[in-house]
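Feature annotations, reproduced from Swiss-Prot:
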- Y131: active site, proton donor/acceptor (ACT_SITE)
- K159: active site, schiff-base intermediate with substrate (ACT_SITE)
- T44, I201: pyruvate binding site (BINDING)
- T43: site 'Part of a proton relay during catalysis' (SITE)
- Y106: site 'Part of a proton relay during catalysis' (SITE)
Amino acid sequence: MFQGSMPALVTPMTNGAVDFEVLKRLVDWHVEEGSNGLVPVGTTGESPTLTHEEHEQVIETVVKAAGGRVPVIAGAGSNNTAEAMRHVQHAKDVGADATLVVTPYYNKPTQRGLIAHYEALAEVGIPIFIYNIPGRSVVDMTPETMGELAKHPMIIGVKDATADMARVSRQRETCGTDFVQMSAEDASALGFNAHGGVGCISVTANVAPKLCAEFQAAMGAGDYTEALAYQDRLMPLHNAIFTEPGLCGVKYAMSVLGLCSDEVRLPLVGVDESTKAAIEAALRHAGLLS
């Protein structure tokens with residue numbers, strides 16, 4: 001159920017407000033283009049600058065628009081366990097298929113604290129993906145800690161943003177081969193799957209969903225020669241999008257293709273002219289812009 005290419009959805013904005021009509025259109029487009037799932041209100045969905053009400057409205061809108069055609073993994077993390085509990089419960093109540101819960105950031109819990117946090121959330125009764133992103137949260141969940149959490153039937157996988165290929169094999173050892181490992185890094189997704197991953201929660205898939213889905217399908221079929229051809233086609237776009245914060249880059253790329261505006265909320269700002277030029281060149285290289 002959880003595999004392949006899953007866009008880490010942007011949250012479209014118009015004049016400072018979430019544009020729910022555009023969001024619904026994006027959901028339909030992603031399904032039509034072959035995306036294997038949708039992940040709203042993560043980092044790329046501007047979760048830090050959404051109100052609690054907006055957060056819940058975006059999750060509910062995506063679940064309803066998807067209509068069961070693809071699974072929805074709802075962003076539900078917080079560095080406050082009680083707040084995360086509210087998000088996880090809401091995701092369950094509106095019919096999300098799973099939740100994505102980031103390791104608590106800023107307050108730097110110990111590994112024991114991480115275990116207590118996730119075990120408390122797992123009692124809500126909806127599948128949980130751990131989001132391990134030490135570059136943003138500072139704390140790195142160890143494979144051993146993840147293995148302890150994987151014993152809980154509701155903790156089913158990880159979105160891994162470490163870009164450490166050896167980590168995938170180590171987590172297969174500690175968590176078991178059925179534990180669902182999804183890459184959080186577009187540029188290293190090929191290597192991630194080769195080591196035992198089953199997909200990518202992708203930023204680039206916001207603008208190139210068909211290519212990203214075909215890339216993942218090639219790896220799923222064991223055709224890494226074909227997958228490498230897709231990698232070569234997409235790599236300049238991965239790099240250009242992440243020249244500045246990825247959600248800013250991918251929103252600009254989407255605006256070039258007429259999918260949504262490039263508007264982001266402060267403290268983020270739109271990309272500069274040199275980044276715009278690099279993104280446009282990369283879109284041409286990928287065959288997405290003439």
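Each Cβ is built from the backbone N, Cα and C atoms, and glycine gets one as well.
Separation of the C-alpha atoms of T43 (site 'Part of a proton relay during catalysis') and K159 (active site, schiff-base intermediate with substrate): 12 Å, rounded to the nearest whole number. The Cβ of T44 (pyruvate binding site) has 25 neighbouring Cβ atoms from other residues within 10 Å, across all protein chains displayed.
For I201 (pyruvate binding site), the same-chain residues 6+ apart in sequence whose C-beta sits under 8 angstroms from its C-beta are M6, P7, A8, V39, G42, I73, L100, K159, M182, S183, A184.
For Y131 (active site, proton donor/acceptor), the same-chain residues 6+ apart in sequence whose C-beta sits under 8 angstroms from its C-beta are G42, G77, L100, V101, V102, T103, V158, K159, A161, A184. When secondary structure is read from DSSP and collapsed to three states, Y131 (active site, proton donor/acceptor) falls in the strand class.
Of all the recorded positions listed (T43, Y106, K159), Y106 has the fewest other CB atoms within 10 A of its CB.
Annotated pair T44 (pyruvate binding site) and Y106 (site 'Part of a proton relay during catalysis'), C-alpha to C-alpha distance, rounded: 19 Å. According to DSSP, the residue listed as 'active site, schiff-base intermediate with substrate' is assigned to a strand segment.
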